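Asks: Okay, these came from TrEMBL:
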| type | residues | note |
| --- | --- | --- |
| TRANSMEM | 6-25 | transmembrane segment |
| TRANSMEM | 46-71 | transmembrane segment |
| TRANSMEM | 77-101 | transmembrane segment |
| TRANSMEM | 122-140 | transmembrane segment |
| TRANSMEM | 160-180 | transmembrane segment |
| TRANSMEM | 192-210 | transmembrane segment |
| TRANSMEM | 241-266 | transmembrane segment |
| TRANSMEM | 278-301 | transmembrane segment |
Amino acid sequence: MSTPAIIACIIFGLAMLATIGIGIWSGRGRERSLDEWSVSGRGLGFVFILLLMAGETYTSFSFLGTAGWSYSYGVPILYLIGYLSIGLVVAYLVGPLFWTYAARHKLVSLSDIVEHRFRSRGLAILVAVLATIFIVPYTQLQIQGMGAVVNAMSYGAIDLKVAAIVSFIVAEAFILFSGLRGSAWVSVLKDGLVILAVAFLAIYVPLHYFDGLAPLLDRVVSEKSQWLTFPGAGDGIYGGAWFISTIILHGITITVFPTSIAGYLSGTSANALRRNSIILPWYQLLLLVPMMVGVAALFVVP
């Protein structure tokens, strides 16, 4: 393993140890109960809800996948900002409703809400099974993204499959031990590192490779104009109809995704969720940076 790879792995290992330490520390003095593990005893305030939901919304795909889509197709990647914006509008309306109903009846999951509201154990089981089935590809995507990061960070010294397996074990052990509160506390560290990394890339990439953002955009307009209009580059399947239908479908369904429901139910109040839906769209500005990186790669790694 090369010296840069060793240094990167050491830094990554220290970050993982810090993550585990934060998870353990966050659970000190807390009651070991299902309510505390799954929804943090409904004790997360506005700031922690904001960081938690940001972490749930902006995942490894948001940065790795966004850059890849921008590189491959161009402007269709804006569907990401479109559906997240619609989703937060819907969340402003339905999030407080979920929280109020669950808090009143002391419920901790979507299946609990369904069973209590519709008086149907069978329907609750069906919802739980479907939620589990459809969250598997989502989890697999995050683990694969983590594995890709570790593989690239080690300059290929750590096999992609090994990296994914280790990432899965660490992530699941952390979740089982610390619950949702640990995830919220770790989001403080993670989001801070993400913001620093994105700020660095936003400045470094255009200056280092193009002497500024304006020259980069000029080259895109003159040499890669297809990336700036629908249906974008590639085989032309990501046109206007696809864009509109996708942002509407994703925008609605993300509000009832299991991870979103857990975020709703962990808040201290319905008002905290409303404030979160108002502020969180500003976080989407960060996504413009990996989009820019993907476009820059058209000229750096053609």
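Just so you know, glycine gets a Cβ as well, placed from its N, Cα and C.
Because TrEMBL annotations are produced automatically, they should be read as predictions rather than curated entries.
Not measured: the values here are computed from a predicted model.
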Asks: Six or more residues out from either end of the transmembrane segment (6-25), which same-chain residues have a Cβ under 8 Å from its Cβ atoms?
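Replies: Distant contacts of the transmembrane segment (6-25): 150, 153-155, 158, 170, 174, 177-178, 182-183, 185-186, 188-190, 193.
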Asks: Considering only the recorded stretches 77-101, 122-140, 160-180, 192-210, 278-301, state which has the highest number of Cβ pairs under 8 Å to the transmembrane segment (46-71).
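Replies: The stretch with the most contacts is 278-301.
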Asks: Among 77-101, 160-180, 192-210, 241-266, which stretch has the most Cβ pairs under 8 Å to the transmembrane segment (278-301)?
Replies: 192-210
Asks: For the transmembrane segment (241-266), which recorded stretch in the set 77-101, 122-140, 160-180, 192-210 gives the largest number of Cβ pairs separated by under 8 Å?
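Replies: Ranking 77-101, 122-140, 160-180, 192-210 by Cβ pairs under 8 Å to the transmembrane segment (241-266) puts 77-101 first.
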